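Annotated 4-amino-2-methyl-5-(diphosphooxymethyl)pyrimidine binding site per Swiss-Prot: GLN37, VAL38, ARG39, GLU40, LYS41, ASN69, SER108, LYS137, in sequence order. According to Swiss-Prot, the feature Mg(2+) binding site maps to ASP70, ASP89, an assignment based on sequence analysis.
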Amino acid sequence: MEINYGLYLITDRRFLKGRQLKKVVEDAILGGVTIVQVREKDVSTREFYNVAKEVKEVTDYYKVPIIINDRLDIAQAIDANGVHLGQKDMHLNIAREILGKDKIIGISVGNVKEALEAQNNGADYLGIGTIFPTGSKKDVDAIIGIDGLSKIKDSISIPSVAIGGINKTNFKDVLKTGIEGISVISAILDEDDIKLAANNLLINK
(Lines of atoms letter the chains of each structure in order from A and count residues from 1; the text may use other names and numbers.)
(Lines give C-alpha, C1' and ligand atoms only; values in the text may rest on other atoms or scores of the structure.)
Protein backbone atom coordinates (compact mmCIF):
# COMPACT_ATOMS: atom_id res chain seq x y z
CA MET A 1 0.00 0.00 0.00
CA GLU A 2 1.32 3.43 -0.99
CA ILE A 3 1.24 5.60 2.12
CA ASN A 4 0.10 9.21 1.97
CA TYR A 5 1.13 10.86 5.24
CA GLY A 6 -0.40 14.22 4.28
CA LEU A 7 -3.12 14.50 6.92
CA TYR A 8 -2.55 12.10 9.80
CA LEU A 9 -5.34 11.83 12.38
CA ILE A 10 -4.71 10.49 15.88
CA THR A 11 -7.86 9.40 17.69
CA ASP A 12 -8.75 10.58 21.17
CA ARG A 13 -12.18 9.62 22.44
CA ARG A 14 -12.14 12.46 24.98
CA PHE A 15 -13.07 14.78 22.11
CA LEU A 16 -16.08 12.79 20.89
CA LYS A 17 -18.72 14.90 22.67
CA GLY A 18 -21.19 12.04 22.52
CA ARG A 19 -20.48 11.26 18.86
CA GLN A 20 -19.69 7.79 17.55
CA LEU A 21 -15.98 7.23 16.89
CA LYS A 22 -16.69 5.39 13.62
CA LYS A 23 -18.72 8.33 12.32
CA VAL A 24 -16.09 10.85 13.39
CA VAL A 25 -13.31 8.90 11.66
CA GLU A 26 -15.44 8.51 8.53
CA ASP A 27 -16.17 12.24 8.39
CA ALA A 28 -12.48 13.01 8.91
CA ILE A 29 -11.53 10.73 6.00
CA LEU A 30 -14.20 12.29 3.80
CA GLY A 31 -12.72 15.67 4.73
CA GLY A 32 -9.25 14.65 3.61
CA VAL A 33 -7.54 12.57 6.31
CA THR A 34 -5.12 10.14 4.64
CA ILE A 35 -3.99 7.94 7.55
CA VAL A 36 -5.44 7.17 11.01
CA GLN A 37 -3.66 6.23 14.22
CA VAL A 38 -5.71 4.70 17.02
CA ARG A 39 -4.37 5.81 20.38
CA GLU A 40 -5.92 4.61 23.63
CA LYS A 41 -4.40 5.23 27.04
CA ASP A 42 -5.52 3.68 30.33
CA VAL A 43 -8.03 1.23 28.86
CA SER A 44 -8.17 -2.56 29.00
CA THR A 45 -6.73 -4.65 26.20
CA ARG A 46 -10.22 -5.81 25.27
CA GLU A 47 -11.55 -2.27 25.04
CA PHE A 48 -8.57 -1.14 22.96
CA TYR A 49 -9.11 -4.11 20.64
CA ASN A 50 -12.80 -3.32 20.22
CA VAL A 51 -12.12 0.35 19.49
CA ALA A 52 -9.36 -0.47 17.00
CA LYS A 53 -11.50 -3.08 15.24
CA GLU A 54 -14.33 -0.58 14.92
CA VAL A 55 -12.06 2.06 13.40
CA LYS A 56 -10.53 -0.50 11.03
CA GLU A 57 -13.94 -1.22 9.53
CA VAL A 58 -14.02 2.40 8.39
CA THR A 59 -10.39 2.65 7.26
CA ASP A 60 -10.68 -0.61 5.31
CA TYR A 61 -13.79 0.65 3.53
CA TYR A 62 -12.04 3.84 2.45
CA LYS A 63 -8.69 2.11 1.87
CA VAL A 64 -6.91 4.35 4.38
CA PRO A 65 -4.01 2.90 6.44
CA ILE A 66 -4.60 2.30 10.14
CA ILE A 67 -1.75 2.55 12.66
CA ILE A 68 -1.92 1.43 16.30
CA ASN A 69 -0.18 3.45 18.98
CA ASP A 70 2.31 1.44 21.05
CA ARG A 71 0.43 -1.88 21.25
CA LEU A 72 1.91 -4.50 18.93
CA ASP A 73 -0.55 -7.11 20.15
CA ILE A 74 -3.53 -4.98 19.13
CA ALA A 75 -1.91 -4.23 15.77
CA GLN A 76 -1.48 -7.94 15.14
CA ALA A 77 -4.94 -8.85 16.41
CA ILE A 78 -6.72 -6.53 13.96
CA ASP A 79 -4.10 -6.86 11.19
CA ALA A 80 -3.36 -3.12 11.24
CA ASN A 81 -1.00 -1.61 8.69
CA GLY A 82 1.51 -0.84 11.41
CA VAL A 83 2.37 0.69 14.78
CA HIS A 84 3.64 3.98 16.11
CA LEU A 85 6.17 3.82 18.94
CA GLY A 86 7.45 6.42 21.38
CA GLN A 87 10.98 6.67 22.73
CA LYS A 88 10.01 4.60 25.79
CA ASP A 89 7.95 1.98 23.95
CA MET A 90 9.11 -1.35 22.48
CA HIS A 91 12.49 -1.06 20.74
CA LEU A 92 12.18 -0.70 16.98
CA ASN A 93 14.34 -3.74 16.18
CA ILE A 94 12.23 -6.01 18.38
CA ALA A 95 9.00 -4.57 16.98
CA ARG A 96 10.28 -5.30 13.47
CA GLU A 97 11.06 -8.90 14.40
CA ILE A 98 7.54 -9.34 15.75
CA LEU A 99 5.61 -7.55 13.00
CA GLY A 100 7.74 -8.41 9.97
CA LYS A 101 9.12 -6.30 7.16
CA ASP A 102 5.78 -5.51 5.52
CA LYS A 103 4.27 -3.54 8.40
CA ILE A 104 4.75 0.19 8.92
CA ILE A 105 6.67 1.28 12.00
CA GLY A 106 6.71 4.94 12.94
CA ILE A 107 8.81 6.45 15.72
CA SER A 108 8.31 9.64 17.74
CA VAL A 109 11.42 11.83 17.79
CA GLY A 110 12.26 15.21 19.27
CA ASN A 111 15.81 15.86 18.11
CA VAL A 112 18.29 15.02 15.35
CA LYS A 113 19.99 12.24 17.35
CA GLU A 114 16.72 10.37 17.90
CA ALA A 115 15.72 10.89 14.27
CA LEU A 116 18.95 9.49 12.85
CA GLU A 117 18.87 6.54 15.23
CA ALA A 118 15.30 5.68 14.24
CA GLN A 119 16.10 6.03 10.55
CA ASN A 120 19.22 3.87 10.85
CA ASN A 121 17.24 1.22 12.73
CA GLY A 122 14.74 0.94 9.90
CA ALA A 123 11.80 3.17 10.83
CA ASP A 124 9.35 3.69 7.97
CA TYR A 125 8.44 7.21 9.06
CA LEU A 126 9.00 9.62 11.94
CA GLY A 127 6.61 11.68 14.04
CA ILE A 128 8.53 14.89 14.80
CA GLY A 129 7.53 17.11 17.69
CA THR A 130 6.36 18.69 19.76
CA ILE A 131 6.13 21.66 17.36
CA PHE A 132 3.83 23.99 19.31
CA PRO A 133 2.35 23.87 22.83
CA THR A 134 -0.56 21.44 23.02
CA GLY A 135 -3.24 20.38 25.46
CA SER A 136 -3.44 16.82 24.13
CA LYS A 137 -0.11 15.60 25.44
CA LYS A 138 0.94 16.39 28.99
CA ASP A 139 4.42 14.79 29.12
CA VAL A 140 6.02 17.14 26.63
CA ASP A 141 9.73 17.54 27.33
CA ALA A 142 10.45 20.32 24.88
CA ILE A 143 8.74 22.43 22.27
CA ILE A 144 11.01 22.36 19.21
CA GLY A 145 9.19 24.90 17.03
CA ILE A 146 9.53 25.31 13.27
CA ASP A 147 13.32 25.72 13.50
CA GLY A 148 13.72 22.45 15.39
CA LEU A 149 11.44 20.72 12.91
CA SER A 150 13.49 22.01 9.97
CA LYS A 151 16.75 20.78 11.50
CA ILE A 152 15.38 17.29 12.03
CA LYS A 153 13.70 17.18 8.62
CA ASP A 154 16.94 18.22 6.91
CA SER A 155 18.88 15.44 8.65
CA ILE A 156 16.75 12.51 7.43
CA SER A 157 15.63 10.95 4.17
CA ILE A 158 12.57 8.94 5.27
CA PRO A 159 9.03 10.39 5.39
CA SER A 160 7.98 12.34 8.47
CA VAL A 161 4.97 14.03 9.99
CA ALA A 162 4.94 16.97 12.36
CA ILE A 163 2.92 16.79 15.57
CA GLY A 164 1.99 19.08 18.42
CA GLY A 165 -0.32 22.07 18.49
CA ILE A 166 -0.83 22.14 14.72
CA ASN A 167 -4.06 23.80 13.59
CA LYS A 168 -5.63 25.65 10.67
CA THR A 169 -3.78 28.88 11.51
CA ASN A 170 -0.24 27.47 11.57
CA PHE A 171 -0.22 24.30 9.45
CA LYS A 172 0.97 26.07 6.30
CA ASP A 173 4.09 27.28 8.14
CA VAL A 174 4.76 23.68 9.16
CA LEU A 175 4.36 22.38 5.61
CA LYS A 176 6.84 24.96 4.31
CA THR A 177 9.59 22.86 5.91
CA GLY A 178 8.98 20.19 3.26
CA ILE A 179 7.51 17.75 5.78
CA GLU A 180 5.40 14.99 4.24
CA GLY A 181 2.45 15.51 6.54
CA ILE A 182 0.87 16.99 9.64
CA SER A 183 -0.48 14.96 12.53
CA VAL A 184 -3.43 16.34 14.48
CA ILE A 185 -5.87 15.47 17.23
CA SER A 186 -7.90 18.41 18.53
CA ALA A 187 -7.62 20.46 15.31
CA ILE A 188 -10.10 17.97 13.85
CA LEU A 189 -11.71 16.12 16.75
CA ASP A 190 -12.50 19.16 18.88
CA GLU A 191 -14.46 20.82 16.09
CA ASP A 192 -18.21 20.52 15.57
CA ASP A 193 -17.92 19.94 11.81
CA ILE A 194 -15.33 17.17 11.50
CA LYS A 195 -15.32 17.02 7.71
CA LEU A 196 -14.85 20.79 7.38
CA ALA A 197 -12.15 20.80 10.06
CA ALA A 198 -10.16 18.19 8.13
CA ASN A 199 -10.70 20.02 4.85
CA ASN A 200 -9.40 23.25 6.40
CA LEU A 201 -6.05 21.49 6.95
CA LEU A 202 -5.51 20.67 3.29
CA ILE A 203 -2.96 22.82 1.48
CA ASN A 204 -4.44 22.17 -1.97
CA LYS A 205 -8.18 22.49 -1.55
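Every residue, even glycine, has its Cβ placed from backbone N, Cα and C.
For the pair ASP89 (Mg(2+) binding site) and SER108 (4-amino-2-methyl-5-(diphosphooxymethyl)pyrimidine binding site), the Cα-Cα distance reads 10 Å.
All protein chains included, ASP89 (Mg(2+) binding site) registers 16 other Cβ atoms within 10 Å of its own Cβ. In the three-state DSSP scheme, SER108 (4-amino-2-methyl-5-(diphosphooxymethyl)pyrimidine binding site) is classed as strand. Between the C-alpha atoms of SER108 (4-amino-2-methyl-5-(diphosphooxymethyl)pyrimidine binding site) and ASP70 (Mg(2+) binding site), the distance comes to 11 Å. Geometry remark: ASP70 (Mg(2+) binding site) versus GLU40 (4-amino-2-methyl-5-(diphosphooxymethyl)pyrimidine binding site), CA distance 9 Å. Look at GLU40 (4-amino-2-methyl-5-(diphosphooxymethyl)pyrimidine binding site): DSSP puts it in coil. Counted within 10 Å of its Cβ, the other Cβ atoms near GLN37 (4-amino-2-methyl-5-(diphosphooxymethyl)pyrimidine binding site) come to 23, all protein chains included. Counting other CB atoms no more than 10 Å from each candidate's CB, the binding-site residues ARG39, LYS41 peak at ARG39.
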